[in-house]
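Annotated features in TrEMBL:
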SIGNAL    1-27  signal peptide
DOMAIN    57-241  domain 'Aminopeptidase N-like N-terminal'
DOMAIN    275-503  domain 'Peptidase M1 membrane alanine aminopeptidase'
BINDING   346, 350, 369  Zn(2+) binding site
ACT_SITE  347  active site, proton acceptor
SITE      427  site 'Transition state stabilizer'
DOMAIN    571-890  domain 'ERAP1-like C-terminal'
């Protein structure tokens, strides 16, 4: 919208100059700034999406009274601010708020009523003054307003759930990140405008109120309502971290390191909060120690909200979660507990990275989300060692032309552009770069640099260079000159800043090609870019830290390198333990040597190195650098594979190929691909025990094997699943199904009429959130077209199934043969209703676009997808996820063209 506005004004100006000669064009007089019109027709005194820096808020005094019957609220916001430099205006944010009165006070002067102008397209309001407000003056703006509680999942929104009696209960909660605090109170809604906050909530006696700080006092009002006043925040906060909740929740608590830790839930689920409390308590102590800065608030609440879109939100002192991300039974599987620990670890890490030290603007969101993702892995590495393999997802996205740098220098201004920053590049790639750096630096240097960064910038805002400068002050990366594996590398020195800027300021990642002639090994690099049309190759090289492996390990950093090796060295494996964010191509001879080594002895390489080889060769196949025959040749060794990481990667890659073929009229080829997968992994699938597994790695491996086996209809798997489901139902669900087996068991049951209906009944009644989510996935896996249509419409309506689950349901339906075209038609027909619930550009919308289009591989579907999204215009046509979808379909086409003949022959 803003781009169109400026283009419109520019064209008018050019036409005027052409017709009149434009006298100003030849004068030294600067062109007048063009201001938009506010809602009352007057000129709005600001013409940029970002707020001016002339005013800085110091403190907010917020009073809110939600009405959970009419679903409205009233509010008063008092903002104490300081003038940074002379100005005639105060500009701030407000959205969907009806301001009924505004007053302004300068210093100790009289408070006077002022007129508020609003420009809705940019969600801004302004107060103008005839004379300058002077630098250094302290001012107070008071705004009284009314608003509706939001019916979406952001701002101050209403939610509901049914209690154990079936009665409907309502509540109000907040979700302000990235730009929705302005929907609850007028504010300077940008991360750099940090301030303190004092919050008052007026509520009915049957509810409780929570906010970021402990409650200071409760006052009974003449109306019988209660007003809770919370302590003023002891830290400066960005507006997106403010939070408040009005609900009927109960809690369990524990004192940890002078902090009261509490977990809140609806009363019926209080017994499912203990694991979250234990995990949060342990992690709080861990982070206090490892960051060498104690958590700064006196309380830390973790709250499970029945209707919540994000997995969780790191509001300082009041972290909010989906119920499925926080609540778990004591007897639940380790895999279910891993999910809870993962999310809790991520959100607690944010209390330092994101809250204490905050990115200056959303283009550097990775400084918050990348760090939180890294620390969720690092803090749980000994307990859940497989977590960091998640970064393969980020490489898939980052290999496309539509990707973006981790630290974006291009414009990130509109709400859509800001929302699109919440993706796997920001999260998983950001975390992967930190993992790579930590693996590169000598022991302890990475942590010392991070502590310097936290100490120097606590309470402030930062950009990416601030991080690298802090770490650079502590260490240099040195190529050590030594002999290992009979490989010689010459030493050189460079700073962390020099190296890491090559990874954060350009999109994509390198493809390292290994060429060997006798004892000489040459390493070259290029941009690993899958797209073949309108491509934008990066012009810079990456400074690549690499660990080599043959018989032992060797470290070096290189741009281009030539290594000397003994001719007795038969193979060379780069990226030891898969800590680097790049792909390696070994050439035909190099791949053959590695394949022979694995066929001779699987344990020649570590499980992580075997997983990375599988990932790399599939990626190179999509790029066209290796044939699919070579991919299948590498996979021959997997008949002897028993480790979780390589098995799950192989199954994931083969399942993706199978689903792609399944959506084409290639019935014979699909049958042969199915036979190939079951032929390779069938014996291992059949040997799995269906009882209780003790280790998380075993559960993860078993879950991956049996879900694929049952989905492909392997008789042993479906028989076992059916028997286990019958035992569960016949025992009135007292014979528990192990958590890691539930998705496979429920999905088999959902393919029959009786099973699907009984699962739907269980879904309505169960209070076990991890179980409920797996039942929903099973219901959505049905191949019955009537039920597919029913579940899609039901989840969009909300009620039996919360609308927050729509992305999950769409993803599950899309994987099935019967559902993938139904769900694409559903998304097209329901698009306007979908974006009423989920903001354009949000992670949920990104997921929906990817799920419904990523398995298309024909020109017809390419044109259909392109036509549909082009027609949306400002309702989603310019989303990065749309460009990603179009690229993916083209790549699928090219892959099919290259490999169908080989597959028909080889399989």
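Residue 1 is the first one shown; counting continues down the chain.
Any Cβ shown, glycine's included, is placed from N, Cα and C.
Heads up, TrEMBL stuff is auto-annotated, nobody curated it.
Neighbours of residue 427 (site 'Transition state stabilizer') among the recorded positions 347, 350, 369, defined as a Cα within 10 Å of its Cα, are 369. On the 0 to 100 pLDDT scale, the domain 'ERAP1-like C-terminal' (571-890) averages 95 in the predicted structure. Less than 8 angstroms from the CB of residue 346 (Zn(2+) binding site) sit 312, 372, 373, 375, 376, each of them six or more residues away in the same chain. Note on residue 369 (Zn(2+) binding site): other Cβ atoms within 10 Å of its Cβ, all shown chains, come to 25. The local packing around residue 427 (site 'Transition state stabilizer'), expressed as other Cβ atoms within 10 Å of its Cβ over all shown chains, amounts to 25. Separation of the C-alpha atoms of residue 369 (Zn(2+) binding site) and residue 347 (active site, proton acceptor): 9 Å, rounded to the nearest whole number. Neighbouring residues of the recorded Zn(2+) site, listed in sequence order and excluding 346, 350, 369, comprise 314, 347, 349, 353, 354, 368, 371, 372, 373, 376, 427 (Cβ within 8 Å of the Cβ centroid).
The local packing around residue 347 (active site, proton acceptor), expressed as other Cβ atoms within 10 Å of its Cβ over all shown chains, amounts to 27. The number of other CB atoms found within 10 A of the CB of residue 350 (Zn(2+) binding site), across every protein chain shown, is 25.
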